Amino acid sequence: MVNGLFITIEGPDGAGKTSVINELYPRLQLIAKRGIVKTREPGGVKISEKIRQIILDPQNEEMDERTEALLYAAARRQHLVQVILPALSAGKIVICDRFVDSSLAYQGAGRRIGMPDIRKINEFATEGTKPDFTLYLDVDSDTGLKRIENARSGRQVDRLETESLEFHQRVRHAYLKLAEEEPIRIHKVDARMSLTDVVEESFTAITESYPQFF
Ligand SMILES: Nc1ncnc2c1ncn2[C@@H]1O[C@H](COP(=O)(O)OP(=O)(O)O)[C@@H](O)[C@H]1O
Ligand SMILES: [Mg+2]
């Protein structure tokens, strides 16, 4: 990507994306030959954070699904412009928790808008920026939702987490389809393994794919 390396981490809720990136990042940092930036959508970018609050607010029951998809794309655009693209232009490695594949899975399949329409609005939003490499953490919906449930401890449930099991199953199947369609970009990891094993496999996959960066 331009000069840098753009890595994303994807997967259903509870797959372990945040846990994995938090362990992976310091390890990659030690051996990176370039600067490395860890980020996540909406990335602490003011405008994107505000958009995200609107999307996730459980009181916004009347939100139309295409409105939701457009808001995600808008938040993504702003984070891309303010955080991801400047880092890539400076030759850095960017590792980002969620990107366009999340919208393809959640809005395209979960909300049943269809992946082609979601792809179109995200191409507009990103001007075709694609990750060089994507780790897909695969977990069945039961396991993922149980992990989220156990981890919640008092935190309010957001608008997407309250969706049905079938919604989350559609999300997972969409991810599996994407991984099958793009086996070179998307590296699938069995995220039912222990966190240590998932991190280990992810670390190896990234560093072996990009020896010029690590
Ligand atoms: N491989 C794993 N095995 C068991 N529990 C895990 C694993 N990875 C993550 N968890 C736990 O599952 C919960 C959700 O993990 P998180 O990293 O927040 O997932 P995500 O960001 O994909 O939604 C956390 O409580 C985390 O400690
Ligand atoms: Mg997370």
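Backbone N, Cα and C define each Cβ position, glycine as well.
For the domain 'Thymidylate kinase-like' (9-201), the mean pLDDT of the prediction comes to 96. Taken from TrEMBL, the feature domain 'Thymidylate kinase-like' applies to 9-201.
On its own chain, T18 (ATP binding site) has R40, D97 as residues at least 6 apart in sequence with a Cβ closer than 8 Å to its own Cβ. In the three-state DSSP assignment, the secondary structure recorded for T18 (ATP binding site) is helix. For G11, P12, D13, G14, A15, G16, K17, T18, the entry in TrEMBL reads ATP binding site.
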Those binding-site residues in P12, A15, K17 whose CB falls under 6 A of ligand 1, listed in sequence order:
A15, K17
Would you list the other residues of this chain near ATP - those whose C-beta lies within 8 angstroms of the C-beta centroid of G11, P12, D13, G14, A15, G16, K17, T18 - in sequence order?
L137, V139, G144, R147, A191
